[in-house]
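Student: Provided herewith is a single structure, encoded as structure tokens, for subsequent inquiry.
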Amino acid sequence: MDPAQFQYLRERQFQEEGRYFVTVTVNQQTVSSQWLEFRYHPQQKRLLPQVNRRQWLIWGLRPDASSAFTETENTAQIADITALVSGVSLSFDAARQSLDITIPQRFFLTEAQRAADASLWEPGITAFMLNYDYRFSRDSNRFSQRTGHTLLLQSGVNAGFWRLRHHSRAEHREGKLTWQSERLWMYRAIASRRSELQLGELFSGDVLFDSRAFRGIRLASQSDMYPLNQQGYAPVIRGITGQSAELTIRQQGMIIRRETLPAGEFVIDDLNTSFQGSELDVTIEEADGTVQRFTQHGASVPVMQREGRLSYTLDTGKYSGNRNNNKDLFVKSTAAYGINSVLTLYGGGYAAQHALSSGVGAGINMGAAGGVSADILMRHTTAKHYPRYRLNYQKFFPLTGTLVNTGAAHEQQSRQWQVRLLQPLPGDNGTLSAGYHYNRTGHDGRGYRAMISRDAGYSGHIGRVHYGVNVQYRTGGHFRKADKRVSVALSVPLDFAGQQARSHFRYHQRAGKTSLQTSVNGLLGEEQRLGYSVTHSYQQQSAAHYRGAELRWRHDLADIRGRINHSKGHNTLNGDIQGGLIIHGDGITLSRPLGETNGLADTGGAGGIRVASRAAALTDSAGFSVIPQMSHYHQNVIRIDPETLPDNADADDPVVQVIPSKGALVPVRFVVNTGFRVIYALRTAQGPVPFAARVKVKKADGSSVSGITGEDGEVYLSGLPAQGHLQAVWGKGMHEQCGADFTVPEDQQGLITLPLICR
């Protein structure tokens, strides 16, 4: 080898500049496998990855890791991240195809934490989206036949962060065609406030007032904009260590958190909401062997907020419907704030032309004594003034695993009180539940009407066999005599020939009337796209038998269902087709039913490629497929199924990570290179082309394919055109390079090995 060529490669640690497919690990955790561009950095004297700031954020680097990094645009390429953020180290090994990244803990964010960075939330593309649900029914007996058609439409338009949504229904029955608009509204995220702005036909649920439909404007905080481990309530753990220490947190004997702490004060404020009021055992073992142990008690009721967290709603508009004939313009606002881990205060007010309401309440974590919330709401109208009182208490007993929840409400003449108990049995022997509910709605002139309901149940399993028993006893209210119900359920697996199936048996008795139902359902096929169900029911009182059968097919472009039911003298036939449609800048794409947040996979025109997701579909002839049901405000990892790539194609980055905003249609772009994959054995008149020669092929579109020769002059090139010119260079002189025209046999597929003379 020429000495200059040897020196050139030695400076680069015998690694050539270019694109490499590498497995990326961050702090010893594998995060992705993807193609990256590597360039030689003269000061570092090695190859460094050329990626933008957004990619570093996805890998877990804090947005504020340094002032220089903070000021860098998300799309700006960073030539040397180690010059921007101190402590970051990189190790690239071309032979192992690996890039190992180490980020100091103080600059590192977990996957859940990085998803909460609003700068990474993608608004998606401008598009029109439509869900359709066509339903057909035919009901016939000996005397008549009725046919009905129903079409449910859920349409929407996305533009930036704005979402416009419309739900409508069309029906054709007995020769009449009717159409009804059910709901029209729009919304967008207010990322800086972790809130959402809504306009149109909305719902007004909050911590103090009943939920009602209204037309107007709503601004409300959104808990799903926080990381998964910071949604809902959990207490804060505080402490002090004299030196570096290891923190271990156990819940019912299981380790749920372990991390190393520096000396000084520490705060753990991101416990998962699975805390659920049980005790946490905290152990702190310092470097000198000193051990601290304490128990963090806690209990949660629905109104509780994390320390420092504000949850709020602000509504204005007019109520829909005819409830109390109240259609006055109103303004309503509520707020709940976590003062600390123990106390949450909440309150709110309502104002309209003929009514005023205001209320306050508190939620308290009483530690080992449980959790309680209480509030009072004062209502003022032109006719009367009256208060409403509510109380809720919850307690978890860690020794037995018992959960008790009780609540009471009082308003004018109405009274409500309920208690529910949940008791898991030791040794995974099932769960007992019991409940009592008292509800008095008011006076009807003959006395107070009160309904009392008692229920108890037991459920469990033996292996994969599941069973349950429930009893209910209700008196008062609209029941002239006691309403007694008993039900028994049994579910048994019936897998055969690798296909999943289950049989179900249900016994139900009410007021002496008994019914029995048996059914078998399952899935068929390698991809389990075909589902079936067969049902038989028997009513003892009428001695009537009911039989039914259903088939379901999950196609790439629709969900199709058909069902037939038969009883004596009566038959019904039902059909259902559900699907989705998207109109975007590159055409029209059909799909199965869309979710609230979706992705549009784009393989650059390569059809027939499966995008592996929860509802995988093959890309169409234009290279598009829809990825429904994505998780908004959280990281989604989308992969191409390499088994579905054509023999003459490969993907630059088979894995794409996106964090969509709510309601978005995010583009998920894969660069699929179509061309031949060839190993050329390059030879000159003097023998094999020298080791580590740089080989390049320029393509018609201006891009290039490159590689480096091995010890015997072999070079691997992918994405090659059928014909072209190859250039190999291993030095600076004219005698240290060669070129060759090539033609790849088009009748060969997969990895091809060919000799080639280079002159």
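Heads up, residue numbers simply count up from 1 along the chain you see.
Cβ atoms are placed via backbone N, Cα and C, with glycine included.
Because the structure is a prediction, the values reported are computed rather than measured.
The domain 'PapC N-terminal' annotation in TrEMBL covers 5-134. Taken from TrEMBL, the feature domain 'PapC-like C-terminal' applies to 681-746.
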Student: In the domain 'PapC-like C-terminal' (681-746), how many residues does DSSP put in helix, strand and coil?
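Tutor: Helix/strand/coil tally for the domain 'PapC-like C-terminal' (681-746): 3 helix, 37 strand, 26 coil.
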Student: Helix, strand, coil residue numbers for the domain 'PapC N-terminal' (5-134) per DSSP?
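Tutor: Taking each residue of the domain 'PapC N-terminal' (5-134) in turn, the totals are 33 helix, 51 strand, 46 coil.
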Student: Taking every residue in the domain 'PapC-like C-terminal' (681-746), what is their average pLDDT?
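Tutor: Value for the domain 'PapC-like C-terminal' (681-746), mean pLDDT as a whole number: 88.
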